[in-house]
Amino acid sequence: MVRVFPVVGGNFAQYVWRNFHGGDIISGKMVERIQVVGGVGHKTADGVGIACRVSRPSTSGVFYGSNPLEDSFSALLLDVVFVILIIHLLHLFLRPLHQPKIVSQILGGFIIGPSVLGHNNNFRLHLFPEDVSFLLTNIGLIGFMYFLFISGVKTDLSLIKKAGKKEYSIASFSVVVPLLLNISFALLIRKSMNEDLAKFSSIGAITSSLAITAFPVVHPILHELNLLSSEVGRMSMSISIISDAVGINAVIAFEAAIQGETDAINSLWYLISLIVLLGFIVFGVRRAMHWIVKRTPEGQAVEQGFVVAILLGVLIMGFLTDLFGIAILNGPLWLGMAIPDGPPLGSTLVERSETIISELLMPVSFAFVGLYTDVFEMAKAGWPTLAPLFFLALAGHFFKLGATLVASLYFQLPVRDSLAVSFIMCLRGQVEIVLLLHWMDKKIIKIPEFTMLVLMTATVTAIVTPLVSILYDPTKPYMVNKRRTIQHLPPGTKMKIVVCIEDQGDVAALVSLLDMSNPTVVSPFSIYALHLIELVGRAAPVFIDHKKSKAPSKYTASDSIHNALKLYEEARSELVKLHTYTAVAPKRTMNQDICELGLIKRANLIILPFSRNGEHSGVRLQNMNISVLEHAPCSVGILVDKCNLHSPMVGQSFWNSAQHFVVLFLGGADAREALAYADRVIGNQDVYVSVIRFLSQNSKGDNEFEKKLDDGMVTWFWVKNETNERVIYREVVVRNGAETIAAIQTMNDDSYDLVVVGRKQGINPVLLEGLSNWSNQNELGIIGDFVASEDFTAASSILVMQQQVLRDQGQFSSGVCGKIRFDIR
């Protein structure tokens, strides 16, 4: 309930005390308390009206006739839930259109504001009365503070040092040129602007913000587009962080000019305060953070007390920046940038706070923004008032796009990549909205202009993001037209293998598999060992070539993994050449690092780890494997380790007894690749190989072309090895999938140490009839999934092979497989 009390003069608090006994209204047996709502009121005949909301400290419940929405806290809880649901529903509908979450958040706030639902008086008075709006405003500001803090924690300032001439030039050109052009354009239309906007300091503030691309905005959108590990994504992040460093000087200069409009000495105090605060952060806070990192034992998380202290420090920095007259949200951002990214400190802070910030506080922040957007105020202001700022903002976006495009083309980036980078540099989001709020606080713009610019921010990002997805496909370069498989590797040629390692537990099985794969003097191995570390606590992915640079101390796990592999290299020095790498990236984009390494090194095989963990981490690894299978530039093997391949000691005799392999040959390109691998393994005198070929009864369902290729491969293999006592070949005829599984179950007796099976390309569907619902792990294929499952209790490890899919062949085609050459080795 809202009541308006006329106050002609005097102190309002005294007025309330005199008339309502200290703020309480006695109404029967119910005691009501007056809450003063700041900044909103209506004029009455007696004078200025102060808007107050009568709020009961507690309600008895709906069954006693009370309305819970009359209590501010109950209304606030409902509002938070309502906003979060709207944003998630919008994102659910907009995600198929390649819209980033920021668009859904802006639209969600817009919907609850006075432009849509809030225009209804009943909705506004019951769900968003003035006191609740006041609470949302303050919580929303805190949300923005913590968002910028976490963005600062993730920011990798080393990108500035690592960037080359190309990134520096594009970043500088894409900031300076749009800034100068936009200032010139603003001066041309200055006469049509209102008094506040026409000030040179206001023009400078707006044009400088339009020239900058904020790193905290670019990173989450690139993350949603799976472009963080791509060439364009890495370049865009470097350019954005450099442009921030260049453009922030212009922002500070114009901010100082605004401070000095009333008195020139204010500008000096502003700059002195800024220098003092930055000095405190750099020489005080940053050293304290490094001390915390050194104090934390290796491999352990930072103590809870330090985490709490740092999170409280966000609020303290906000208070200090406000105290010194600096924009309140600068302090949390600078504090975050002072914290070392990655483990242990940066990753701990992100892991423990990011979900609450992004999923709970940020929706409230955009509710706060939405409450300030009002299209009806825009309509009242009229087009003549809004037109100058509209055209200034529109020109700023075009100047930014054009300048980035020209600079990118000058450095000979492909046209599509240049356009993608240019569009990414035009992205707008949270930082721009924070700046709009700051401008409104400084009286540069008002509600109509604020509403227009917020809608422009959402519109530009909504248009640009899908265009980036259309223009740039990070996986396109990986699939090639040249054969890079085991089957097509000429005799006496070095075999190149990319080995992916998730943790130290993968090393022993991989070393054993590599040694059994029979590296020889005539056909040695070049092994490219890639340690995969999930990106946490930093924004920019890292790819480390250990021959060129040493891994940071925070990634010491890589050292122990690579040291174990080096022992194997030393033991097989003439047969194996090892190259070690570390990729720190999100699991969803890690496939790009793997495929790019395979492409550059012209690998014949990529070996991936397999996780039995059904939790979130296991699902992410499965998705990574599927992405590699879809886009790999060579053949792929997935090793399912059942802990039976571990060698007793690296560097000595690897096997105390013979090792038994079985190849389940169900036909198709993947099965042929598995058989080609088995042919190589046979050269190892300690390995016995059994090949079981599955055929359909009466050749039902056979593809004639695939059958001919299978027959040719099997004939070549058997002619070469029929006198070899370590090779067994037999055929099994089945009528459906059930008989296929029954035949495989006869081997469920620990007779074999490794089961090698093709994934799925070209398999006769009759052999799998009725099994389609059995498979839970799409990455392994139906048969691979069964052999790896608990239903197959044998201790055999499994190697699932997929032969390279050529670019012109299409994904997982089971048709023409190209020209096949059978080499007698």
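Here the Cβ of each residue, glycine as well, is placed from N, Cα and C on the backbone.
Annotation source TrEMBL lists transmembrane segment at 72-90, 102-120, 132-149, 170-188, 200-218, 239-258, 264-285, 306-335, 387-413, 419-440, 452-472. The domain 'Cation/H+ exchanger transmembrane' feature in TrEMBL is assigned to 84-468. Annotation comment: TrEMBL describes 527-643 as domain 'Cation/H(+) antiporter central'.
Three or more CB pairs closer than 8 A are found between the transmembrane segment (452-472) and the transmembrane segment (387-413), so contact between the two stretches is assigned (pairs 6 or more residues apart). Residues 166, 169-170, 173-174, 177-178, 181-182, 185-186, 189, 192-193, 197, 206-207, 210-211, 213, 239, 419, 421-423, 425-426, 445, 449, 452-453, 456, 460 of the same chain, all 6+ positions outside the transmembrane segment (387-413), place their C-beta atoms under 8 angstroms from a C-beta of that stretch. Sequence-distant contacts of the transmembrane segment (132-149), counting only residues of its own chain at least 6 positions beyond either end whose CB sits under 8 Å from a CB of the stretch, comprise 37-38, 72, 75-76, 79, 216, 311, 314-315, 318, 328-329, 332-333, 335-336, 353, 357-358, 361-362, 364-369, 371, 430-431, 434. Sequence-distant residue pairs (6 or more apart) of the transmembrane segment (419-440) and the transmembrane segment (264-285) include fewer than 3 whose Cβ atoms are under 8 Å, leaving the two stretches without contact. Pairs of Cβ atoms less than 8 Å apart link the transmembrane segment (306-335) most often to 264-285, out of 72-90, 200-218, 264-285. Tertiary neighbourhood of the transmembrane segment (200-218): same-chain residues 102, 147-148, 151-152, 155, 174-176, 178-179, 182-183, 186-187, 190, 236-237, 239-241, 243-244, 247-248, 250-251, 253-255, 257-258, 261, 333, 389, 392-393, 396-397, 399-400, 424-432, 435, 439, 442, 444, 539, selected by CB-CB distance under 8 Å and a gap of 6+ residues from either end. For the domain 'Cation/H(+) antiporter central' (527-643), the predicted model reports an average pLDDT of 83.
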